[in-house]
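Working notes, structure below.
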């Protein structure tokens, strides 16, 4: 596996003042970690920071928003990007989940401070406080319209909110444990949830009813994702005709990131298992890169890329650190991953 080059602090803040300093580390599997630092010595005539690195590291291109640093000894380089902007007043403690509306105008987020808020994505101005869950809110996401929010909490309740007036329009009850993740089917007439109780459930928003248990895993389901399956994949046949209230479930596969080290694929309409892959540790999250390729992240820091047509062995396993992989999101031709470090 490749070496990993890191800045061990908020470098954009550390280097925003004269003589500011940030710590560096370069780690290769099986080798001692190399440590160093970068120091700001002032500003150039065009306002770009003058940055120097300690022995063993080399500073390349520097702009007002990025620094390219390399470690020649390990033949690795990384470009570090500063935030485009940051909002420090939305929550008072760590953010646990967030989403941006399809139009990009609004954000919704939950925090360990016990709050769930809707805010302007342009400036961080708080628009709505969504109150109604008991205990922590674990997950939140916008419907495709950008006008409605879906949330799940430790109170085992799934709720739908109006982003316009903060009213809770629907509450779903049926899970026996805290809800850990949600997914929306197509435009949102049906939604999905997974829970510490080991189940994943399909819900009908119009009737406020559970349409069925898609999977009962016997182990907490930490994350789910729904996507269109490759046409060559056998999704199975429903044992009973699907409800007329099911909309958009045909041809879909549901991914389940399970606490018992298993990543499972289930036919959404058929409720039949499609594949079961065993990883190195508990799976925390999963996502689709395409109808063929999927990603899943584990508690011990592995990111597995799999082909749903043949999950006997992963296409690749990416390991940058031993920190838990907490979320994955497709981005352009690759993906973004967040880890617990």
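Each residue, glycine too, has its Cβ placed from N, Cα and C.
Panel annotation: around the repeat 'WD' (88-129), residues 136-142, 144-146, 149, 151, 163, 165-166 of the same chain, lying at least six beyond its termini, place a Cβ under 8 Å from a Cβ of the stretch. What TrEMBL records for 88-129 (among others) is repeat 'WD'.
For the repeat 'WD' (130-171), residue counts in helix, strand and coil come to 0 helix, 22 strand, 20 coil, using DSSP. The annotation repeat 'WD' is assigned in TrEMBL to 130-171 (among others).
Marked as repeat 'WD' by TrEMBL: 172-204 (among others). Sequence-distant contacts of the repeat 'WD' (172-204) (same chain, six or more residues past either end, CB-CB distance under 8 Å): 135-136, 138-139, 141, 143-145, 148, 150-160, 210-226, 243, 245-249, 252, 254, 256-257, 266, 268, 285.
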Summary of DSSP states over the repeat 'WD' (88-129), given as helix, strand and coil counts
0 helix, 21 strand, 21 coil
